Amino acid sequence: MSTENHTETELETPTSKNELLPGEMLRKRREELGLSQKDISERLRLKVSVIESIESNHFDSHQVATFIRGYFRSYAKAVGISEKQILSALEQSGRGQHKEQPMHSFSQKTKKQQHDNHIMRLTWGILVVILGISSIWWWQNHQQDTLAPSSYSPPTSDEMNTEDQSDDFNRIDSDKNISSNSELSDDPSNETVNVDTDDESMNDFSVQSSTESTMTQANKSSSLSKDSDEKLSENEEIKALSSSETANNVLSMSFKDDCWIQVKDSSGNVLSTGLKKAGQSLTLEGKTPYSIILGAPEGVSITLANEPVDLSRFTAGKVARLTLP
């Protein structure tokens, strides 16, 4: 103890004379004891960089004076220097004095929070707009699906046959009425006969008249049968043409995947629209050409008049627009 006190007394004298900085005092004492900075850092459990900062009297301006004083007191105790002496030198150097820490303003944090809140409100607004547009689009498609595919319904082959037959019968009846009227007008029995003629002439005339009327009826019947045959053949040709046109207008669609479609005929009538499910098939008839929109062309097969339509030119996953034929 006497040796340490003597050493401390010896150190006090040169310090007051030479006014050594506290870090220099600790460094000299460490060198006198033959210790390295690493030895001191291991004893104090500090980094070597902290020991170097203490000895060179370099500290961060943000470090609290309490921590600086604690470092110097620990270092002084490790090398056997009086705490009062080292703290006095530290205060004289102006590094160990307590300084009031400035109050930090929260305005920057408040501005950042306001900026974040503004971004969040903008993001939510965009999401609400997107949801609204999606809801309107879905509702419109749902309404179109519930409506009838088209106000135009092409006549079936049975209806066309019935109409043709009724026309034929009407024509035949009118021809019969005309022929019966002509027969009545040509019948000699309706003519006025003189009273003064004898019975034989009357008999001859009646026989001749009946013969002529019979021949006239036979000729007219044959002409009517010819006319009816010609009209029937014409009707058959019209039926064949109409059936061929109907067959050429038949549009068939089958779906391997879910696909949204819209099909219009040349008159602008919507034949079908909406989402079609996988495995569903569809047959449509209307006036050509057809205007078709496909949401997913890769999942659809189309035939027109029993002829397949090539859809390979359209990109998968993109909307396809085509006109047939």
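Quick reminder: no glycine exception, Cβ is built from N, Cα and C everywhere.
Per TrEMBL, the feature region 'Disordered' maps to 1-21 (among others).
The domain 'HTH cro/C1-type' annotation in TrEMBL covers 26-57. Counting residue by residue with DSSP, the domain 'HTH cro/C1-type' (26-57) contains 23 helix, 0 strand, 9 coil.
Residues annotated as region 'Disordered' in TrEMBL: 92-114 (among others).
If you look at the transmembrane segment (119-139), there are no same-chain residues 6 or more away from its ends with a CB under 8 A from one of its CBs. The transmembrane segment annotation in TrEMBL covers 119-139.
Here TrEMBL flags 147-159 (among others) as compositional bias 'Polar residues'.
Taken from TrEMBL, the feature region 'Disordered' applies to 147-245 (among others).
The compositional bias 'Polar residues' annotation in TrEMBL covers 203-220 (among others).
The compositional bias 'Basic and acidic residues' annotation in TrEMBL covers 226-239.
Residues 11, 20, 71-72, 74-76, 78-81, 86, 93, 95 of the same chain sit 6 or more residues outside the domain 'HTH cro/C1-type' (26-57) yet have a Cβ under 8 Å from a Cβ within it.
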